[in-house]
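Feature list (source: TrEMBL):
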type: COMPBIAS; residues: 8-17; note: compositional bias 'Basic and acidic residues'
type: REGION; residues: 1-30; note: region 'Disordered'
type: REGION; residues: 486-516; note: region 'Disordered'
type: TRANSMEM; residues: 40-67; note: transmembrane segment
type: TRANSMEM; residues: 79-100; note: transmembrane segment
type: TRANSMEM; residues: 120-138; note: transmembrane segment
type: TRANSMEM; residues: 150-167; note: transmembrane segment
type: TRANSMEM; residues: 187-211; note: transmembrane segment
type: TRANSMEM; residues: 231-251; note: transmembrane segment
type: TRANSMEM; residues: 291-311; note: transmembrane segment
type: TRANSMEM; residues: 323-340; note: transmembrane segment
type: TRANSMEM; residues: 352-369; note: transmembrane segment
type: TRANSMEM; residues: 381-402; note: transmembrane segment
type: TRANSMEM; residues: 453-472; note: transmembrane segment
Amino acid sequence: MSTNNQTDPKKGDDQKRAVQLNQVPPLPGDEGKMSDSLKWFAFVSYGVGHVLNDLVASMWFTYALVFYHYVMQLSSINAGAVVLVGQLTDAVATAAIGVLSDNANIYCTDRYGRRKTWHLFGSVLVFISLPFAFSPPIIPQVESSELNTALYYCFFIVFFQIGWASIENSHMALASDLTPIRDERTALLSIRYSFTVFANILVYVVTYIVLRSNNASKTQFGPSERKEFQIVILVIMIVGAMTTIIFHIGVREPLINNRVNRQLLMTETEAERAANSILSMFKSITLYQTAVVYMCSRITVNMTLVFLPMYLQDFLKLEAEKLALLPLIMFVSSFGMSLLNKPMNMKLGRKYTYSFGVVLSLGSAFWCYTGEGDTYAKYQIYAVTIIIGIACSVVLVTSQALTTDFIGDRTHRGAFTFGLMSFTDKVCNGAVVMAVQSFHCASCPSYYRDVMVYNWTIPSCLAFIAVISLPYGGRPRLIVQEVPETRSGGNQHAGQSKKHSIEKGQEALPSNSVKS
């Protein structure tokens, strides 16, 4: 009797867990519907929740070196050091906030939402510190020394990078909290990237208009453009404030208790508890493969933003307005591609979709290396920026989707996972910027052209090797999944199920999606 008493509850828990997991996948006919937590307003609100970060990132990666080197007249190495300080701060803050976001138990965060609380904290820091990072020093004596000027900007950059990391980490982790269905996560990331493109387009349009209105269209960047940067920052603050408010009103984060209950249901054995621990992640080769894909994708995208203006100004000798127009064209093409990312991932799978982006990156590198003369500078460069814009959209969204696949249903460590991924890419981005600026050759006219070529080839090849070796992300296939069938009378017979053929890309992520 005692044996039966011990086993019956276990069987009941098994059945309860099976019902929970099997009810997650959409039934035939429901594949296009969003789950209850993702109504249309919440869906759009989630997408705009990262606009402030995107606006800031566009300014940071595209114009930071231009502002500190050409406008504030810092040397190449000091300008690179300022960017490196920002990237290292971002890397450390992202990892630390990832741990705190997953594990800190504070009453107000449980009531409002862990992710949203950290998002709000980061937004406040960005609003306070960003204007000082892209404006002339408020203390005139600071400009008496180049070292003092660099230290002044580093002080404010540290604070706005902590805020930026808090927004980035919490927003990415929230995608895994809102839904367990893989394609809904992909849809969230796609709309997130669509608004990312919108934010970048806005920055470049405003910059282009400001430069045109201030007669800077026929000159290159210099100290006279200080006022223009302040105008762009003002627009960023206004738009960022509006979108942040919409995000906090429209997105309702699932309660902590619900996530904890789901975690307990899915980790009833000691073996499963061990598999869910953070330590188990570092024992999995899949973690390092995914990190390489994510890191290389970010390097390709971010370093394109950083060095494209330098390439246009130093190598092609284009006027200042083109430093806003060409990145604008690149992001318009990215926006068009962002509409196709979800169907491509569903039909082709992650690996084929990412490989498509790699091919485009290599093609852009070859064209950039062989292009020369007035014809290339006046006409062909537009085609190159369009292609690389499409490539950046594909590799970035797909790498983020692969990261959510790696997280699976282990949303309790989602922020830590994204923090770990971001740590690698931030450190590498900062190291690349510092290395490029340290070895800058003023007498080498093709220096930044070679930088662009290497940036589009080396990371793409490394990421391709990593992505094709992943155990998931292949081409979707039809599978047969059993879900419990409820009879009209409300009686459900244990063990009775109904088979449905659903597309692999539409299934819920299994609980053992990432095992050590």
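Any Cβ shown, glycine's included, is placed from N, Cα and C.
TrEMBL labels come from automatic prediction, so no person has curated them.
Counted over residue pairs 6 or more apart, the CB atoms of the transmembrane segment (381-402) and the transmembrane segment (323-340) come under 8 Å in at least three pairs, which marks the two as touching. When Cβ distances are compared across the two stretches, the transmembrane segment (120-138) makes no contact with the transmembrane segment (187-211), since fewer than 3 pairs at least 6 residues apart fall below 8 angstroms. Counting C-beta pairs under 8 angstroms (sequence separation of 6 or more), the transmembrane segment (231-251) fails to reach the transmembrane segment (323-340), with fewer than 3 such pairs. Nonlocal intrachain contacts for the transmembrane segment (323-340), taken as residues 6+ away from its ends with a CB within less than 8 angstroms of a stretch CB, comprise 62, 66, 190, 193-194, 197-198, 200-201, 204-205, 207-208, 211, 221, 304-305, 308-309, 312-313, 381-382, 385-390, 392-394, 397. Beyond its flanks by at least six residues, the transmembrane segment (40-67) meets 34, 79-80, 82-83, 86, 119, 123, 126, 130, 134, 160, 164, 167-168, 171, 174-175, 178, 187-188, 191-192, 194-196, 198-200, 202-204, 207, 221, 229, 232-233, 236, 239-241, 243-244, 246-252, 302, 305-310, 313, 323, 327, 433, 437 of its own chain at Cβ-Cβ distances under 8 Å. With a cut-off of 8 Å between Cβ atoms, the residues of this chain six or more beyond the transmembrane segment (291-311) that come close are 57-58, 61-66, 83, 323, 326-327, 330, 354, 361, 385, 388, 391-392, 395-396, 398-400, 402-403, 420-421, 424-425, 428-429, 432-433, 436, 448-449, 451-452, 455-456, 459-460, 462-463, 466-467, 470.
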